[in-house]
Structure formats: structure tokens, C-alpha cells
Amino acid sequence: MQHLKPCSRPLSHVCTWPRIDRSALLVTVGDKVGFLARERQVAPPGWNRWLVPPAALAIHLSIGQAYAWSVFKTPLEKSLGITGTQSALPFQLGIVMLGLSAAVLGTTVERRGPRWAMLMSLIAFCSGLLISAVGVWAGQYWVVVLGYGLVGGIGLGIGYISPVSTLIKWFPDRPGMATGIAIMGFGGGALIASPWSTSMLTAFGTTTSGIGKAFLVHGIAYAVFMSVGVLLIRLPSKEFTAEKAALLKDRPKANVGFNVSANNAIKTPQFWLLWVVLCFNVTAGIGILEKAAPMLVDFFKESSTPVAATAATGFVALLSAANMAGRFVWSSTSDIVGRKNIYRLYLGVGALLYLVLLTAGSTSTPLFVIAAMVILSFYGAGFATVPAYLRDLFGTYQVGAIHGRLLTAWSVAGVLGPLIVNAIADAGKKAGHVGPDLYATSFYIMIALLVVGFVANELIRPVDPRFHEPEAAGETGKPRAGDEATVAKWNEAEAADAAEKQDAEGVVKK
Amino acid sequence: MSSLQESRSSTLLLAGAWLWVGLPLAYGLYRLFLNAAKLFV
């Protein structure tokens, strides 16, 4: 960088402003953006990659609170005089916004880097809780819906995809295990929030004042908890390239030598086949999850050993445990047996287990419980393994953005699953059916969906090379610096953007 | 900073980070299994 010439007269009269070259500009832009600049997110030499999973968990354990929304439902209904349908709105809008923001903001999240994304997630999610506090205190329920559902939901979407794509980059040798850890955290978030929120409502009371205080404490506590994730998260450094080659030495199949952009990915049949796989796998899991407690009671109503309602609560808890464990166990197993094979297990064995429930479910409570637990473990595992499957098919370049777009399958399944089970159970009751007959039709539908998912999985083939990014296509088959290349590419793009904003004298306008 | 000190602070950071997320998760799992036990009572 040039320096000003020393002069005795005022600078404005005699000194010309130095031209700033491109490298200097990069430093200027980086300094202005501070610790959120992408180059500042790259790990220093010697950074332990096992610091990245707790960073991801700090975000996922927090945003997983959304699944414990039901704790607030009854207190809100009583204190604000709203209906059950109305009290479910913040959660429903939150899940819709999760899918939408992940799909729309996925590319920005990849470009800005995980620290920026996780900070935005923190701000949006915690603001949503704080806005809800104000809404409850003011007695304005629509503020709660917009705060928790709209603002908080954006935080859910950004926070869900960003840690996952970063973990994939750090664990090229075990992407399934890495994504399993993070997405297990999303399930774990509800386990923490549910008893914690209940205790808080007991302490503060279930009046508007008490609920508002609970939202306020949630907002502050989650901001502190998530900030550790923001501080810890790093992108892989150049130094990691050498280590990555060594890590992949024993797992040659784990290496992906090409990249596909998010825009190209949605043009491939592989993306849509995987969309069907995820959608139907999730729908099948929701089929049990939605009606777990009454289903267990109904199945054994006529038997010699009927199940009490309190025992059915225990059954729901066991299903949650299976859902969470499946995310880590099965997703980690996929690193050994391969993604296609593991989905054959989820979909094929899942369909067979539904058949077992239909034919022999009412004969033995342990058989029913175990079969349902395995189905639920496949449900959780379907979520956890899909980012690794995407990485195998499309590379790491924009895997977060592609994952975001795929999550629309979850939104559809979230509507489809409960709709099928509830509608059929209600129709069965009207027709005078009792016991297992109430669920027979919906179980047949779940089996059919799983079979369709199984066929879709079978049709998935490697992506046509014409969709590969040109600069990476030639590097297939040799160890490559994919992540570093991505960082360099984004940096170049940022520098080009900044250069456009530089005027003739080299002064940055904006 | 010596390499020994660096190694120690790196280990402490790693342990602290895992405890930060591990303790709440352990609490959640403990409450979950209390609930699950109802199935067998």
C-alpha cells in the first residue's frame, strides 16, 4: 500500500490521495466487517475440529426449543382467552418459516459463512422470544404469532442449516456422524426446553405477567448459550487440507471430487428423488409420533393387559429417546455402509415394521413398543443422514443452500403426516371401529409411502457431470482443497463487489 | 506461550465447550428417562 508524501502544507492543498490496490481494499473491507468477515472465520493453525460439534450443538439445542412450544399452549389459552388452534399458530408459522428461510437464505448463509449465519440465527430466534414477551404483557396475541413464528422462525431456518454444512466440511471422513451430532441436538433441544419451561412457568405463574417473564428469561438465556457457538465456529483452514488428505486416505470412497451449485442441484432428478425420500420417510414417522399415546392405549384396550394413560406418556418419552438416538447412531452407521444402503434400511425395514405392527402389534406390548421405537429411530435418522447424502451427490460447495431447499420436503411432510393419521382415525371412530382397526388404513398408507420412497432411493444415481462446477470438475479423483477453494472463491466475489463500490480515487463509497 | 501451555489451554477449551452443551443435554435426558420409566411402573 502506498503512503502519503510528507508535506508541510495542509494535505488538502498539495497531497494527492493514494490509490488503494485490491489487496489493501480486501483488508479494509475485512476490517470494516470485523469478526464476521469470512476470512476471519477461518480456523487458525492447530484448531481442533472437535470444537466444531459443540459450536453446532449450542445452536441446535437452542432452536430445538421450538418443539417444546406445547408447554406454552395451555397457559396462553387460559390467560389470553384464545383457542387451541390459535395457540398452535406461532409453532406452525415457525416451522413454515424454518423451511422458507432455509430455502431462500441458504446461498447467503454459505456466502457469509457460519459465524455470520449463527449470529443472525441468535438475533432472530432470541428477538422472537423477546417480542413474544412484549406481546403477552401487552395482551396482543398477534405480536406473539409474528414474534415467535415469523422472526423466530427465520432464526430456526438459518440456525438449522449453517452448523450442518460447516460440520460436513470439517469431517469429510465421517460426514454422517457429524451431521448426526448436530441434528440430534435439534431433537435434544425439546428435551431440555420442555422441563425447563415447565419449571419456569410454575415459578413465575401462568398469568400474562408470568408467561411474559418466562419468554424474557428464555430470550436472554438462549442468547448467552448460543453466543458460545458463534464464538467457537470456524471454517477449515489451509492447514486442514493436508490433514484432510490423510483423513481420507483410509476412506477413498468418502472423497467427493466435484461440486454442484444450489441452482444447478434443483435441476437434477437426484434432488427431487431425495426430496421424495425425505418427505415420505418423515411422513411415515409422523404417522406414529402424532398419535403415539392414544395409539398404544387403543391397541391394547381389548387385551388382558390394557395400557394406562400414564404409561402411554412413558411410551411417548421412549419414542423421543429413540428419535434422538437414531439421529446419531444410524447417521454414523451410514459412513460405513453408505448412504443409499442406510436409506434402504430406513424405508424397507420401516415398511416391514409397519406391517409387523398391523399384523402382530396387538399381541404383545413389548413387540409394539420396540417396533414403534425402531420406526421412530429411522424417522430421526432420515433427517440426520440427508445432509451427508446431499454432500455425496453434490459436494460441499453449497451443501447448506441445497439442504435448505430440500427442507421444504419436511414442511410438506409436517402437514401430510398428521392430516392422514388424524383424518383416518376420526373417520374410523365415526364408523364405529375400535382398537387397532382405527389405525389400519393409515398404516397401509404409511407402508405405501415408504415403498414409494424406497423406489425413489433406488433410482438415485450419481449426478451428471454437466451439472458439476467447471473449476472443480477437472480435479476429480485426487485430493482437493474444496473448502479452501470455496473460501477463496467467495473472497474473490466479495472483493469484486467491493471494487465496484470503489470510486476513481480509490475511496470506498459504502 | 509455550507448547505445553497451548496444549493445556486447548484441552481446557475443548472440555469447556463440550460441558457447555453436555450438561443441559444430560439434564434433558435425565428428565426424559424419568418420564419413560412410567411405562414400566
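Yeah, the Cβs are placed from backbone N, Cα and C, and that goes for glycine too.
Where the annotation comes from TrEMBL, it is an automatic prediction and has not been curated.
Residues or ranges marked as transmembrane segment by TrEMBL: A:50-69 (among others).
Annotation comment: TrEMBL describes A:51-465 as domain 'Major facilitator superfamily (MFS) profile'.
What TrEMBL lists as transmembrane segment is A:89-109 (among others).
Under the heading transmembrane segment, TrEMBL lists A:116-135 (among others).
According to TrEMBL, the feature transmembrane segment maps to A:141-164 (among others).
Below 8 angstroms of C-beta separation, residues 53, 56-57, 59-68, 71, 160, 163-164, 167-168, 170, 320, 323-325, 327-335, 339, 342, 380-381, 383-385, 387-388 of the same chain, each at least six residues beyond the ends of the transmembrane segment (A:176-196), sit close to that stretch. Annotation source TrEMBL lists transmembrane segment at A:176-196 (among others).
Feature annotation from TrEMBL assigns transmembrane segment to A:216-235 (among others). Proximity of distant same-chain residues to the transmembrane segment (A:216-235), defined by a Cβ-Cβ separation under 8 Å and at least 6 residues beyond the stretch ends, is recorded for 38, 41-44, 47, 51-52, 54-59, 61-62, 65, 113-115, 118-119, 121-122, 125-130, 133, 159, 163, 166, 169, 197, 200, 483, 487.
Positions annotated as transmembrane segment by TrEMBL: A:271-289 (among others).
Positions annotated as transmembrane segment by TrEMBL: A:309-330 (among others).
Summarising the annotation, TrEMBL assigns transmembrane segment to A:342-361 (among others). Away from its own ends, the transmembrane segment (A:342-361) comes close to residues 176, 277, 280-281, 284, 299, 330-331, 333-334, 367-368, 371-372, 374-375, 378, 381-382, 385, 389, 436, 440, 443-444, 446-447, 450-451, 453-454, 457-458 of its chain (Cβ-Cβ under 8 Å, at least six residues beyond either end).
Residues annotated as transmembrane segment in TrEMBL: A:367-390 (among others).
Sequence-distant contacts of the transmembrane segment (A:402-421) (same chain, at least 6 residues past either end, Cβ-Cβ under 8 Å): 95-96, 98-106, 109, 157, 160-161, 164-165, 260, 262, 265-266, 271, 274-276, 278-280, 282-287, 289-291, 383, 386-387, 390, 394, 439, 442, 445-446. The transmembrane segment annotation in TrEMBL covers A:402-421 (among others).
Residues annotated as transmembrane segment in TrEMBL: A:441-460 (among others). For the transmembrane segment (A:441-460), same-chain residues at least 6 beyond its ends with a Cβ under 8 Å from one of its own Cβ atoms are 269-270, 273-274, 276-277, 279-281, 283-284, 287, 340, 343-344, 347-348, 350-351, 354-355, 357-358, 393, 420-421, 424-425, 428.
When each of A:89-109, A:271-289, A:367-390 is scored by its Cβ pairs under 8 Å to the transmembrane segment (A:309-330), the top-ranked stretch turns out to be A:367-390. Long-range contacts of the transmembrane segment (A:89-109) within its own chain (CB-CB distance under 8 A, at least 6 residues past either end) are made by residues 66, 69-70, 116-117, 128, 132, 144-145, 147-150, 152-154, 156-158, 160-162, 165, 262, 398, 400-405, 407-408, 410-411, 414. Looking at A:116-135, A:141-164, A:271-289, A:367-390, the range that has the most CB pairs within less than 8 A of the transmembrane segment (A:50-69) turns out to be A:141-164.
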